[in-house]
Amino acid sequence: MKHFLSLALCFSSINAVAVTVPHKSGGTGSPEGSLQFLSLRASAPIGSAISRNNWAVTCDSAQSGNECNKAIDGNKDTFWHTFYGANGDPKPPHTYTIDMKTTQNVNGLSMLPRQDGNQNGWIGRHEVYLSSDGTNWGSPVASGSWFADSTTKYSNFETRPARYVRLVAVTEANGQPWTSIAEINVFQASSYTAPQPGLGRWGPTIDLPIVPAAAAIEPTSGRVLMWSSYRNDAFGGSPGGITLTSSWDPSTGIVSDRTVTVTKHDMFCPGISMDGNGQIVVTGGNDAKKTSLYDSSSDSWIPGPDMQVARGYQSSATMSDGRVFTIGGSWSGGVFEKNGEVYSPSSKTWTSLPNAKVNPMLTADKQGLYRSDNHAWLFGWKKGSVFQAGPSTAMNWYYTSGSGDVKSAGKRQSNRGVAPDAMCGNAVMYDAVKGKILTFGGSPDYQDSDATTNAHIITLGEPGTSPNTVFASNGLYFARTFHTSVVLPDGSTFITGGQRRGIPFEDSTPVFTPEIYVPEQDTFYKQNPNSIVRVYHSISLLLPDGRVFNGGGGLCGDCTTNHFDAQIFTPNYLYNSNGNLATRPKITRTSTQSVKVGGRITISTDSSITKASLIRYGTATHTVNTDQRRIPLTLTNNGGNSYSFQVPSDSGVALPGYWMLFVMNSAGVPSVASTIRVTQ
């Protein structure tokens, strides 16, 4: 497999060129804070570049003629470079420290690599620190890896007052000992508001070499696997057969990269499901008939069988028998009615279901079938059935035996009337035992359409019966479309990002304030806002440590709305009343790591617990995460800190695959999850 660097060189002819702001007369230009060389391929922080007039900069090493101040002289043709010579080159990490002389509300940093055609010193892994005194730096506000090319790099992060900024180059992109920077800028927000206690916290930022338009949690490692398309910043004009991926390891903070060619599949805009064996099944998209399989245990991509129908923007869902159902997807592969089909992990084949008609689930989108069969809200349920909760007003039951079938489940309505279509809204099964699904947001049309605050609770019964549907609370605080969400261990649903009016590849009308829905109280609660726009092509996933991974947006090539990063949201249940991280309960032992549906598991913990839940490992793209669902567990205390519980006996509730087991104490603080595989 090719490394990103070689792929960047292959695509150099189509990469965007940095824009140069003309210098004033006099040659070297002004060192003031206006961004000198703004890339068209990444989103800058919201705010303005800080004047560099009075800055003092220091670096750990410098070559004569390439001193520290060359990175703030306003001239893209000069650069700071660490020492090199016959006596040996100092190895990274290398540090570049800025004293701005006054305290600023800092929310980002930009770094322009050297522009002379030489790659020496390009920064790979890096960390960004802030300090008020130049001595106490704390933990990084941003870290990760930048894509290896010459365009401007950004680190966007939550606003903090600071006087000092430090960029640490942990590695060089090509494994060399040097670091070089042509220009560096620091950004300021217009104001700063300290996070309110009790509403969770954002940060740190994880810088990525790609725009993560799709992602999954690797169940055997806990790493976040992400991918974009054949390019790190765009999907259009794909030659096919190539996907750029990245992985972030929460335990080390390291971002790694891989270019996948073995499956000959550009996996942009796919359907994604974790099958009953735990493999991640990625279907269609830019290569509209292809299937790729990711095996977490071997960290390998495997070619899968072609689908019967070419698809893009379809959804898929794992069923009670571990097979995967998919339907729709007219974004690519032709515009026509794309009925259902099923993938069998055992036979590695796709089978058409000609009577599982797509027509009943179409929205009335003004762009027609090209959009109206996109992103279905699908839930594998009992007896091999699949429930379609939206985004169309119409709900349906799909059946997957023989030639398939479909039966109306009525409309998504309440005492407030029939809900409109909610394309690019969200649907989350927060209590699979009771069949509870929360739906919220979206808009009548895919794009150029105002979002809604509508929210509903759908309660499923037996397949084929009409579900009960009621309005949830008073709806969302904020109208949203292109937002994302995850179910949390305590049964609440975290909702973030989105736009008030859906316009793909624009960061207009963003919603920065997330919400949490608490079902016991039937109430939505505002949380602390973030400062990075997350709209079209953003993703969210629940991490095994109970935090939320939220990233991406854009993937539009030569635009200013590409978000090469992610953030971590820490829910309030991980803090104590003093605002410090709470002491977590720990699972010290599980009687098994694999259990059949209906089986019992005994666990030991280091302290008393009161609740437990299973949450299926998630996959996410284009507002869809059909894999996540939560099972609240009934605990039996065996004495001391030993507990047991039974997994539901219906595989339509406890879908086969990998699950996260969380336990919670009386304060509601969750443990780090243990991974449990549920089998049939």
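Cβ coordinates are placed from backbone N, Cα and C, and glycine is handled just like the others.
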Of the cysteines CYS424, CYS556, which is paired with CYS559 in the disulfide recorded by Swiss-Prot? CYS556
Have a look through HIS265, HIS456, HIS483, HIS622 and flag the one Swiss-Prot assigns to the Cu cation site that TYR313, TYR536, HIS537 belong to. HIS622
On the DSSP side of things, how many residues of the repeat 'Kelch 1' (223-268) fall into helix, strand and coil, could you say? 0 helix, 17 strand, 29 coil
For CYS59 (disulfide bond): intrachain residues, at least 6 apart, with Cβ closer than 8 Å: CYS68, TRP80, THR82, HIS94, THR95, TYR96, THR97
Helix, strand and coil residues within the domain 'F5/8 type C' (42-189) as assigned by DSSP: 5 helix, 67 strand, 76 coil
What are the helix, strand and coil residue counts for the repeat 'Kelch 2' (279-321) according to DSSP? 0 helix, 18 strand, 25 coil
Inter-residue Cα distance where the pair is CYS556 (disulfide bond) and HIS537 (Cu cation binding site), in Å: 10
The rounded CA-CA distance in Å from CYS559 (disulfide bond) to TYR313 (Cu cation binding site) is 22
Give residue numbers and ranges for long-range contacts of the repeat 'Kelch 2' (279-321): same chain, 6 or more residues beyond its ends, CB-CB under 8 A. 214, 216, 218-221, 225, 229-230, 235, 238, 240-241, 243, 260, 262-273, 327-334, 338-339, 341-343, 345, 348-352, 373-386, 400, 619, 622, 624, 626-627, 650-652, 655-657, 680
Given the model, what does the mean pLDDT over the repeat 'Kelch 2' (279-321) come out as? 98
